[in-house]
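Q: Okay, here's the structure, questions in a sec.
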Amino acid sequence: MFGLLVRWTVSLHSYSGAGNPPKFGDYEAQRHWMEITVNLPAQDWKLLMRFTVLSSDLLIFFPSVLYFIHAYYDVHSRGRKADVAWHILLILINPCLVLIDHGHFQYNCISLGLALAAVAAILSQRDLLACVLFCLSLNHKQMSTYFAPAFFSHLLGKCLRRKHPLLEISKLGLVVLGTFAMVWWPYLHSRDAALQVLSRLAPFERGIYEDYVANFWCTSSVLIKWKRLFPTQSLRLFSMVATILACLPSMIQQILAPSSKGFLYGLLNSSLSFYLFSFQVHEKSILLPLLPATLLAMEWPRPFKLLTHYALFSMFPLVCRDNLILPYIALYALCIFLYHPPGGRWDDSKRQGSTPLSLVSVLLTLAYLGSLVLHIVYLTVRPPERYPFLFEALIMLLSFSHFVLFAFHTNTKQWMLSGHLIGSDKGKKQH
Amino acid sequence: MASRQSMLQNHPEICRHLLWFFGVAACVKLLLIPSYHSTDFEVHRHWLALTRSLPLSQWYSDETSPWTLDYPPFFAYFEYFLSFFARLVDPQIVDVHQGLNYEADTVVYFQRISVIVSDLCLVYGIYRLTRKLEAKKRVAMWILVIWSPALVIVDHMHFQYNGFLLGLLMLSISYLQDGRDVMGGFLFAVLLCFKHLFAVAGPVYFVYLLRHYCRGGLLKGLGRLAAMGTVVVAVFAAAFGPFFYHGQIQQVISRMFPFGRGLCHAYWAPNFWVFYIILDKGLAFLLKKFGIDIPTPAASFTGGLVGDSSPFAVLPQVTPLSTLIMVLLALSPCLVKIWKNPHPGSVARWISYAYTCGFLFGWHVHEKASLHFVIPLAIVAVQSLEDAQHYFLLSIATCYSLFPLLYEAQEYPIKVVLLLLHSMLMWFGFSAKFSKVKPPTISDNKKTRKKGSSSSSSRSGEEGEFVIGWGGKCYIIGIVIVETWGQLLHPYFLGDKLPFAPLLLISIYCGVEVVYSWVWQLKRIMAD
């Protein structure tokens with residue numbers, strides 16, 4: 001049962017897409033953007049929209065995955081056919097992506113696909129192509145800036161190692177500018193038009209957080225009421241500083257010692273730090289750290305499973321709002337089945353030897369069980385009157401704590417890669 | 001599929017493996033819960049209400065809904081059992097009047113999940129059949145049955161309970177294969193009391209059990225015959241007894257065998273009668289051209305028997321009795337074979353053949369009945385290369401013939417992808433089993449199934465590459481053409497005219513494969 005299981009995911013996508021009610025918020029937003037161009041009767045819209053997501057997924061995301069797998073396994077040149085197949089499958093049946101794009105309805109697959117293709121291009125040493133692809137991804141959805149520091153630092157690091165660093169940097173710079181110019185061409189005729197586009201892209205008036213996202217500002221707002229203490233301007237500054245500080249270690253590592261694997265970790269770290277500290281983060285943004293995590297899935301299966309679980313968990317309130325609980329359960333169960341195929345060739349617990357029953361793993365298991373319980377509690381029990389969002393807050397708290405742990409874990413891993421550079425106080429133990 | 005597992009795998013391992021297959025399929029089926037369901041959904045819901053709310057004596061005479069109970073009593077008891085849970089979930093489901101056409105989420109979830117759970121019966125049947133096979137054959141069979149797209153389309157979308165009925169059939173076959181005839185016969189009797197449509201294989205069972213079980217001299221033979229007879233009668237008594245008691249048996253029989261229906265279903269199942277009808281119409285057309293006056297028939301093929309008038313213009317009329325005779329005629333070579341040499345290994349083959357004959361020549365056959373012979377044939381498909389090649393084409397054709405069941409646009413990608421995916425899985429499963437050296441390389445994986453090496457091996461047995469000959473490839477390409485015509489070219493060129501033409505085309509095209517399969521199966525049985 002080899003790579004043909006890849007096709008399975010095609011069917012999966014169409015199920016969650018075709019069978020579930022759309023969410024009026026995002027759906028209507030997307031539809032409105034399209035209605036400006038095309039007119040159709042109402043009932044055909046649903047079908048058309050689903051088809052467009054599916055086809056864009058097929059056309060952009062799938063080939064990017066194939067390209068990535070090709071590049072990744074060329075570089076690492078190990079891994080049996082079965083591993084390759086499972087890896088493809090895991091990337092494609094990324095439950096969060098499926099749920100959001102085809103259930104909740106968005107077009108993340110395009111920007112993620114382009115970003116993924118950019119990653120693949122870097123892995124196969126085609127830097128200029130990577131630049132173009134990443135710029136396209138950025139221009140499709142500005143959320144791809146989450147990956148920008150990683151790309152930047154990796155490319156910078158590589159350039160500095162070449163014979164004529166300035167030439168390399170300027171080549172890259174020209175390519176970036178060129179791509180931007182091409183895409184923004186219709187809006188470049190006047191400064192006002194360009195500024196309008198920019199202001200729409202970055203709605204700073206909305207505030208530092210919305211709803212209950214598992215990031216730093218939201219979680220700590222339980223204790224420190226940021227919105228009341230500081231004006232938006234200073235909050236903006238805080239978040240920018242915090243984000244940059246958080247992704248600084250990984251950036252430095254890449255500039256000093258660029259490598260393919262390090263780059264992948266860098267992606268994960270920078271997107272995670274953006275998710276944790278940035279301005280106006282949505283729950284859906286967990287997709288962005290999750291993508292590089294799936295790319296690295298074969299390297300660290302157990303933490304990856306946990307990460308997927310908590311990513312899904314942090315999206316659970318959103319899922320409930322959209323009546324997507326059934327696909328949530330089905331996809332989650334499917335993931336569990338796929339992580340434990342008969343024959344156990346993917347679960348490398350045998351390879352690594354049995355891990356000792358340490359305090360950490362006990363705590364992790366307890367937290368995992370707690371999160372499962374919370375799923376049920378959230379659905380059935382009514383929260384007390386004084387704290388109407390108690391359960392959302394609990395979910396957020398659990399998820400956040402795990403994300404922070406992951407951030408530490410992955411940062412240490414990235415530093416461990418460059419063996420000759422010993423991190424000073426980054427000596428946290430691996431799980 | 002590298003056979004890492006040794007052939008001496010123990011049973012818990014096999015169970016776990018099988019349950020994994022079931023689990024993955026269940027996830028997919030869960031995702032299909034909101035999809036289209038046909039009137040059969042309301043039928044089963046009504047039966048839940050009927051059996052729950054009304055006393056036994058009224059089950060077969062109630063007229064509240066047009067969907068009257070037309071399955072034998074065991075199925076009614078099954079619905080009664082389910083209705084306990086239905087009432088716990090939502091009492092309105094089982095209300096005979098309030099629940100009519102009830103479409104709320106609760107009833108959809110309940111019924112869909114009940115089908116998924118009842119599929120465990122099929123899983124058990126397959127388990128019993130495959131636990132002694134070698135790993136590759138076993139997994140191939142699991143792919144063929146548990147992940148059968150036809151079963152998913154009919155049971156989990158269109159909505160029926162074929163899964164557990166077929167499970168009973170598989171269990172019965174497995175017992176016969178093990179040589180435990182009484183259990184096999186008992187289970188078949190039970191199956192008949194669930195759905196009498198399975199009675200087509202009755203003659204096969206009868207002859208086989210007579211020859212195989214009731215052996216060993218006159219006295220012992222008669223004794224065994226009596227034993228078997230008692231078992232069967234006991235089963236039927238358990239089913240129909242209460243209705244005899246209430247004096248209802250006439251009503252039950254008339255409900256179970258509604259002869260008011262026509263030769264063909266509204267959508268013509270791909271069987272022999274399609275060709276008969278077309279021949280009739282063709283002849284009528286030709287003869288008219290030559291000036292011979294042929295009166296246009298008043299009756300239609302899908303309506304009931306209208307007095308003496310025949311829906312056929314030229315060819316002789318077809319009655320239910322004549323179809324029965326034709327089925328028996330088609331079965332007779334097989335029965336003779338069984339009489340001469342009743343060995344357990346070919347039981348599955350004979351039973352599938354019986355259902356094929358029933359499908360081809362029966363009265364008012366649904367296209368869903370193709371499941372009855374396709375699933376048991378999977379048992380045989382892994383036995384040899386030729387069987388595998390034959391099965392590959394047959395299952396694609398029969399699954400394709402089910403496409404018109406799901407006519408809404410939103411199910412279109414699902415049914416196409418299911419078929420494509422299953423075809424690929426079949427291809428790889430078979431190729432892994434029937435290959436000379438190693439399984440195909442990964443570069444082949446991503447291409448479609450329309451490939452094959454040049455020489456097709458005609459050796460039977462387990463040697464040789466799994467390839468599809470030229471006929472097969474043409475047939476598959478033909479399916480693509482038929483589908484393209486039906487979906488794209490017909491609306492484009494002809495618009496709304498002749499709306500039944502694409503469906504007719506599908507019927508005919510699949511009918512060709514079914515007829516071919518019938519002939520092939522017969523040849524195989526005779527050559528055994």
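Backbone N, Cα and C atoms are what each Cβ position is placed from, and that goes for glycine too.
Remember, predicted model here, so these are calculated numbers, not experimental data.
So TrEMBL has the following annotated:
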{"type": "TRANSMEM", "residues": "B:18-37", "note": "transmembrane segment"}
{"type": "TRANSMEM", "residues": "B:109-127", "note": "transmembrane segment"}
{"type": "TRANSMEM", "residues": "B:139-154", "note": "transmembrane segment"}
{"type": "TRANSMEM", "residues": "B:160-176", "note": "transmembrane segment"}
{"type": "TRANSMEM", "residues": "B:188-210", "note": "transmembrane segment"}
{"type": "TRANSMEM", "residues": "B:222-245", "note": "transmembrane segment"}
{"type": "TRANSMEM", "residues": "B:266-287", "note": "transmembrane segment"}
{"type": "TRANSMEM", "residues": "B:314-335", "note": "transmembrane segment"}
{"type": "TRANSMEM", "residues": "B:347-363", "note": "transmembrane segment"}
{"type": "TRANSMEM", "residues": "B:413-430", "note": "transmembrane segment"}
{"type": "REGION", "residues": "B:440-464", "note": "region 'Disordered'"}
{"type": "TRANSMEM", "residues": "B:466-488", "note": "transmembrane segment"}
{"type": "TRANSMEM", "residues": "B:500-519", "note": "transmembrane segment"}
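Could you place the listed features in the three-dimensional structure?
A: Tertiary proximity for the transmembrane segment (B:18-37) is limited to same-chain residues at least six positions away from its ends with a CB under 8 Å from its CB atoms, namely 108-109, 112-113, 115-116, 119-120, 123, 126-127, 142-143, 146-147, 152, 156-159, 406, 408, 410-411, 414.
Residues of the same chain lying 6 or more positions beyond the ends of the transmembrane segment (B:109-127) and with a Cβ under 8 Å from any Cβ of it are 14-15, 18-19, 22, 25-26, 29-30, 32-33, 41, 44-45, 82, 85-86, 89-90, 93, 141-142, 145-146, 155-156, 159-161, 163-164, 166-171, 174.
Beyond the ends of the transmembrane segment (B:160-176), by six or more residues, the same chain brings 40, 44, 75, 78, 115, 118-126, 128-129, 145, 151, 154, 183-185, 187-188, 190-191, 194-195, 198, 208, 344, 347-348, 351, 368, 371-372, 375-376, 379 to within a C-beta distance below 8 angstroms of the stretch.
Long-range contacts of the transmembrane segment (B:266-287) within its own chain (CB-CB distance under 8 A, at least 6 residues past either end) are made by residues 294, 301-302, 312-315, 318, 359-362, 365-367, 369-370, 397-398, 401, 404-405, 503-504, 506-511, 513-515.
Listed by sequence, the residues of this chain that lie at least six past the ends of the transmembrane segment (B:314-335) yet keep a Cβ under 8 A from its Cβ atoms are 200, 203-204, 207, 259, 263, 273, 276, 279-280, 283-284, 287, 294, 305, 350, 353-354, 357-358, 360-363, 518, 522, 525-526.
If one looks beyond the transmembrane segment (B:347-363) by at least 6 residues along the same chain, the residues whose Cβ comes under 8 Å of a Cβ in the stretch are 169, 173, 176-177, 200-201, 203-205, 208, 261, 263, 269, 271-273, 320, 323-324, 326-327, 330-331, 334, 337-338, 369-370, 372-373, 376-377, 379-380, 514-515, 517-518, 521-522, 524-525, 528.
Distant neighbours of the transmembrane segment (B:500-519): 267-272, 274-275, 278, 330, 353, 356-357, 359-360, 370, 390, 393-394, 397-398, 400-401, 403-404, 475, 478-479, 482, 485-487, 490, 494; these residues of the same chain sit at least 6 beyond its ends, with a Cβ under 8 Å from one of its Cβ atoms.
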Q: Using Cβ distances below 8 Å and needing 3 or more such pairs, separated by at least 6 in sequence, tell me whether the transmembrane segment (B:413-430) contacts the transmembrane segment (B:139-154).
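A: Since 3 or more Cβ pairs under 8 Å link them, the transmembrane segment (B:413-430) and the transmembrane segment (B:139-154) do come into contact.
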Q: Is the transmembrane segment (B:222-245) packed against any residues at least 6 beyond its ends, judged by a Cβ distance under 8 Å, and which are they?
A: 56, 60, 72-74, 181-182, 185-186, 189-190, 193, 209-210, 213-216, 252
